[in-house]
Ligand SMILES: Nc1ncnc2c1ncn2[C@@H]1O[C@H](COP(=O)(O)OP(=O)(O)OP(=O)(O)O)[C@@H](O)[C@H]1O
Ligand SMILES: O=c1ccn([C@@H]2O[C@H](COP(=O)(O)OP(=O)(O)O)[C@@H](O)[C@H]2O)c(=O)[nH]1
Ligand SMILES: [Mg+2]
């Protein structure tokens, strides 16, 4: 199906501590996306260094790893039409100061170093991140009964 995609969304440690997991999941459900993988993990610096490999030369890299390993994260795979681009729009700009109200970051955060949620930024990135965080067997291929009402099939 053209435009059918999967993406990796993670509620970061600040989002978990602030009990925002339910509200974040709700936004993806109500938009019409399908949850195909979910787990809570205490992430190691190893997996986080790989996840954020492109940022390793940035001055904030070490503090990013410290923040991301400061407590549990809730990692999810969401599936649906155009889900990679749509979820970036739902999440908002990296810096919450620039993220419009109505986006997750625009509604729940104020500072770039504590921006509540991660979303893959491209289909290639999503594929790599999904493989990094989930063995294929932990992703469920299931039929969502309302699918015929959210996309033309
Ligand atoms: N100047 C900064 N100071 C502190 N932390 C930062 C800064 N810039 C980015 N970060 C942190 O690093 C993360 C990764 O930056 P990136 O440029 O990939 O943003 P993003 O793609 O919007 O976020 P993510 O990859 O987590 O979805 C940001 O989400 C933020 O938590
Ligand atoms: O100046 C910055 C830029 C990014 N980040 C953190 O690094 C993450 C990943 O950065 P990326 O550029 O991938 O932004 P994102 O994809 O998260 O919007 C962000 O979410 C922030 O948590 C940060 O702390 N300071
Ligand atoms: Mg990013």
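Yeah, the Cβs are placed from backbone N, Cα and C, and that goes for glycine too.
Assigned with DSSP, the residues of the domain 'Nucleoside diphosphate kinase-like' (4-141) fall into helix, strand and coil as follows: 68 helix, 30 strand, 40 coil. Residues or ranges marked as domain 'Nucleoside diphosphate kinase-like' by TrEMBL: 4-141.
Feature annotation from TrEMBL assigns ATP binding site to 12, 60, 88, 94, 105, 115. Residue 60 (ATP binding site) is surrounded by 12 other CB atoms, counting those within 10 A of its CB over all protein chains shown.
Residues or ranges marked as active site, pros-phosphohistidine intermediate in TrEMBL: 118. Taking a C-beta cut-off of under 8 angstroms and a sequence separation of 6 or more, residue 118 (active site, pros-phosphohistidine intermediate) has the following same-chain neighbours: 8, 9, 10, 12.
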Among residues 12, 60, 88, 94, 105, 115 annotated as binding ATP, what is the maximum Cα-Cα distance? Answer in Å. 22
So which recorded positions out of 12, 60, 115, 118 are up against ligand 1, CB under 6 A? 60, 115, 118
So if I draw a 10 Å sphere around the Cβ of residue 115 (ATP binding site), how many other Cβ atoms end up inside it? 23
Among binding-site residues 60, 105, 115, close to ligand 2 by Cβ (under 6 Å) are 60, 115
Far apart in sequence but close in space: which same-chain residues, 6 or more away, have a Cβ under 8 Å from residue 88 (ATP binding site)? 119, 121
For residue 105 (ATP binding site), which residues of its chain lie six or more apart in sequence with Cβ-Cβ distance below 8 Å? 91, 92, 93, 94, 96, 99, 115, 116, 117
